[in-house]
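Undergrad: Can you keep this structure in mind? I'll have questions shortly.
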């Protein structure tokens with residue numbers, strides 16, 4: 001698994017060896033700066049890393065610890081890095097993600113709302129929020145594509161009908177519903193299935 005932001009790559013050493021090797025080859029071919037975590041005491045899951053475009057929020061969960069957050073902060077020194085305790089779910093993006101340049105999609109559960117409050121307290125910036133009834137539906141993928149504008153991949157209406165209605169209020173977005181039921185069975189959300197790279201349009 002990898003989290004790749006602002007033209008850099010942060011390798012998360014939780015992937016199978018063959019998968020990690022293939023991913024590294026692709027990243028190297030893009031001339032990205034690759035930083036690998038080699039501290040055996042550090043854990044950092046990409047699902048716990050929320051990059052807003054302004055700063056990082058790192059969920060402290062069963063898969064991510066304080067040392068992992070510190071390594072991320074050392075790697076991306078130009079950005080503020082704040083930690084958010086995560087309880088009762090797998091990781092931070094189990095109930096939140098970015099749904100636009102300044103828009104955080106957040107679930108309605110007590111755990112999600114508590115985490116959002118922590119993020120709001122830790123940040124100097126005020127983000128807009130899009131609250132959806134289902135925590136899992138708050139995991140979406142926002143893309144800013146020059147030829148398409150704001151594009152949002154979100155969970156399909158047949159899976160989360162009430163949350164889909166909330167996404168449909170985003171009139172400035174091209175909405176692409178995605179069915180993810182099978183991957184859900186192995187804790188795979190939409191962001192788990194993606195590696196987003198901020199790179200020039202030459203690619």
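Glycine residues also receive a Cβ, built from the backbone N, Cα and C atoms like all the rest.
In case it's useful when we look at the structure, here is the feature table from TrEMBL:
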ACT_SITE  91  active site, proton donor
ACT_SITE  192  active site, nucleophile
Undergrad: Under 8 Å Cβ to Cβ from the residue listed as 'active site, proton donor', same chain, six or more residues apart: give me those in sequence order, or none if nothing qualifies.
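TA: Long-range Cβ contacts: 45, 47, 48, 59, 61, 62, 63, 64.
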Undergrad: What is the number of other Cβ atoms found within 10 Å of the Cβ of the residue listed as 'active site, nucleophile'?
TA: 18
